[in-house]
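K.L.:
The following block contains the structure, expressed as structure tokens.
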């Protein structure tokens, strides 16, 4: 449970902050509304948990929004969800590690001015761990998740007990009052107040962000997968909702303040702005207040919160290959991403995501609130499409069933999903309306670009597939070329060449010929003489090269064969050195690789690489095989 | 002539400036010495011309310092010359285009503040032209060389006539006086004065820099090559020396000033420093003074000077493949550089050189004087080793001949080369002593690094050659593998697969088998069913892939064959798409390329690429072939 849950649970580390921040826009009085908003968000969490349990029941293989939207609303909707999810991956990294940096600043105040740097460092660490693909990381990250749960629950319980005992702890910011940005400290009324509340509600809704991670992680659960996933979902939802409600209740009782601009929006007892005011994140403030006698305990709460945020970021990186392989199967991203097991394949994807996260963290100077608005767009767009897909799904099934309890159950399910759709749609609308010009457009633009790119990739694959399609009565595999010409490219008489000659002869071609380009005429003559002395069993043709070129004479030679016998197969055998260190590739094989790429342009030509493993390869074989990551230990034995 | 000469002739555009600048360190009075120093440098030019004519006679194939030093002093000296020449290539670019930027600033004063940018732009232009390898460039660049010669000679003649007529033109800076940096404007005496004169002489010696370009360009001359090269050398030398002497004489008569720091070192008639003083390069000042009535003529002189500097930079880029291929033949640089005709091979080398030149231009903020000191180190180190080699060459030959006119001629030749050695050794010493800490160490350090790198490369090649050496009675080419196993990697049943099956069968292997990895089990079942329906003539083996991997199952399959029959040859046929646009490579072949690289690790395995040209390739075939640059037009016909 803890691995996939960390994404969702960790959002409790910033959702209360966002609620307080949104409310503080209308001054201090509104802050008392925070428990109610916490309650509302908790209710949303539970509604969405019910929704995703329905998804899981309908799609036991993994009830992610991508799956649901693709199947019920078509590939365009699926593609839109995919675009949103890719943006979400980037933002999970950016948001989790930005908030991580805040908690690090709380634990070690000296690091407060370096939030951007700490966040970037966090992204780098998570990326490197993700690239190494160390599977043990899951077990390690499970520990802070449990500790975080325990720490937050203990904090809430102790807080409630102290409040109940009349021993109300005071938060560091409780003595300060909030200055509303427009200078009007009084409570707002009517539409303005409603809008502030709506904003606080939608910002707080970020607490549901990780819910999809659990729903899509089904293949990773122990059997029975569907039931385990559904139970994990319910448990995580209940815990998240409980923690959120508890924390927001405490913020109100303890007088915790959290504003966008602490340097200007917090006023001291006299009403004047407090210069150099600084605020810790809400969990930090609550822990410090609740454990006012034991700062070590408060520090532990902050540290495990930071760790669980790292875990959430790791979940995003770990989850990417799964999403990418699903997208690859549908032809939205390069096909090589479909082979989920070959970890190296995903390196470039993960690097791209991390780079985007770093750009966002720098661009927004690690301002969590702004990043969260971007995040909400992606998260709630995919939620909305997923829920719409579910509504459509039930409607279709209901149409097929005339009556009975099954029909009633489905109608109930549809109602739940419709409720979910309404809620997430409302949040999406509020975020888009209130924040579009403030940065949400970046998320929208990124999605539009990704959506278009994925469409182009899919179209390209579809075109190529159509081009390559073989009719059932295609006889290519039975129509063999008339003759085979084996051509061995020789640059010197050494062991790799002799091996290439043996291999070329082993395939018993109709004709076999060795060719050598006289880049250096003297050397070519020497080679010819030695060839004759050794009486090598293959005739050698020396190709002239007036301009000291290598590729052109070979191409002309092959073209002559092609013209003489256009229906024959030409197999060009090229010795290739296999080296043990990357830089040796600069010194070897370059000309040969270029020759190969040109030969592949010519029809009826096959290029056969005859490898020669240099001693440097043999010395580094173990390391190379280990690094390649896709060769088993016992295969290594056959390499000697 | 003009092409190779532009390098040498163009140095007249900055040598007088360096003489004046060095002299101005001891105040205005010393400037009158400039014609004498011009005369001395002119004498050096002529001595070195005689030296290199001797080189050409001794080595008619091209009397470059690298050749001479390698043959007479051993590979270490040759390697040292090679390091120096590589550094020179970079500095020819940096110096020529920095001075180019000064002349551009003279022609268009608005561009004066952008000297660094103009120089970098010039480097980029020369690099791009060099990379495109457009041969017509030589004819185009011949024109400014002739124009430059004509312009400078006319300027000098008109200047002399005007001086002779008593109508002495006044240079823009003639009214200013030079403030010596140590504040003491009087003439220096004794050792200090001698040192200043020596410095001026050595700085001015930069005028001989291009001499080697002519000597090494022998293979490009019309026959009789040796004689033509020798004559070109003599003519260029005489012209350079004449222009230099004429220009320095005019600087003294016209009162031209050129100082390192015009803003602080130039004083007005009252003796006070002139703020915002600005100075044009010497040829610009002389032309403006001589053609005082016709500024258009002066502008023409400046423009053709700028153009000839561009030509000199182009010569460096054009000359690089020749040097690189000589170094590659001796194993000092990656071997692929030996095929001089394949222009693309040199792209990386040229890019590296240009990047280094850009770094130097930025690092020295386009200060020509500093760059020239670096340049002198490389130029005169290779001169010195070349001359030392020639002295050794003659000494060896003299030893073999007891007496007679031949012996006397050789002793005379040795005396000339020894004189050359003495002169270049002196310049090298002065530059190293006076400027080592001021930047010359950068050139020395770069040479040491290059020297070491080339040593490592040579050692690596020697080691690999020893490893690969086949004994004359090696029977590998006759010992054929027992059986051949053809394995066709299948990802789908489409035309490329069918072609690969046909080709694999055409080689009549002992065993032939198609394999398919069940990354997606459903898809694998569908494929198996279709395979049976089409009754393809090769058995299909579906390899399980529990972790959705592709490479590992194939490697395990090959390892099983290897274990069963370790002496057999396995040929793995892999269909590969040939695309027409670079980005299509991101969408195709990635997994296959990875598989290939892993298969090459296994002994007795040959990887055969069966190309399938996509329509996008066919559409872009002409463009791709043209861009590849090493496929003839008529070969293109066989590609259809």
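Glycine is no exception: its Cβ is also placed from the backbone N, Cα and C atoms.
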K.L.:
Looking at the candidate ranges A:55-79, A:80-104, report the one that TrEMBL labels transmembrane segment.
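P.N.:
It is A:80-104 that TrEMBL annotates as transmembrane segment.
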K.L.:
Which range out of A:116-134, A:191-211, A:286-310 gives the transmembrane segment (A:344-366) the most CB pairs under 8 Å?
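P.N.:
Highest pair count goes to A:116-134.
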K.L.:
So what's near the transmembrane segment (A:146-164) in sequence-distant terms, Cβ-Cβ under 8 Å and 6+ beyond its ends?
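P.N.:
Contacts with the transmembrane segment (A:146-164): 2, 6, 9-10, 12, 239, 242-243, 246-247, 249-250, 253-254, 283, 286-287, 289-291, 300-301, 304-305, 307-308.
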K.L.:
Considering only Cβ pairs within less than 8 angstroms, which of the stretches A:20-50, A:116-134, A:372-391 has the most against the transmembrane segment (A:191-211)?
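P.N.:
The listed stretch sharing the most Cβ pairs with the transmembrane segment (A:191-211) is A:20-50.
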K.L.:
Would you kindly list the residues that approach the transmembrane segment (A:116-134) from elsewhere in its chain, counting only those six or more residues past its ends and only Cβ-Cβ distances under 8 Å?
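P.N.:
Long-range Cβ neighbours of the transmembrane segment (A:116-134): 93-94, 97-98, 100-101, 104-105, 310, 313-314, 317-318, 320, 343, 347, 350-351, 354, 357-358, 361-362, 365-366, 629.
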K.L.:
For the transmembrane segment (A:80-104), give me same-chain residues lying six or more residues beyond its boundaries with a C-beta closer than 8 angstroms to one of its C-beta atoms, as numbers and ranges.
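P.N.:
Long-range Cβ neighbours of the transmembrane segment (A:80-104): 7, 10, 13-14, 65-66, 69-70, 111, 114-116, 118-120, 122-123, 126, 209, 212, 280-281, 283-284, 302-303, 305-306, 309-310, 312-313, 315-317, 319-320, 323, 327, 332, 353-354, 356-357, 360-361, 364, 366-368, 371-372, 374-375, 377-379, 381-382, 385-386, 443, 446-448, 450-451, 454.
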K.L.:
When you scan the chain for residues with a C-beta under 8 Å from the transmembrane segment (A:372-391), skipping those not six or more beyond its ends, what do you find?
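P.N.:
For the transmembrane segment (A:372-391), the sequence-distant neighbours (Cβ-Cβ under 8 Å, at least 6 residues beyond its ends) are 14, 18, 48, 51, 54-55, 58, 64-66, 68-73, 77, 80-81, 84-85, 87-88, 91-92, 94-95, 202-203, 205-206, 208-209, 212, 360, 413-414, 417-418, 420-421, 424-425, 427-428, 431-432, 435, 438-440, 442-444, 447.
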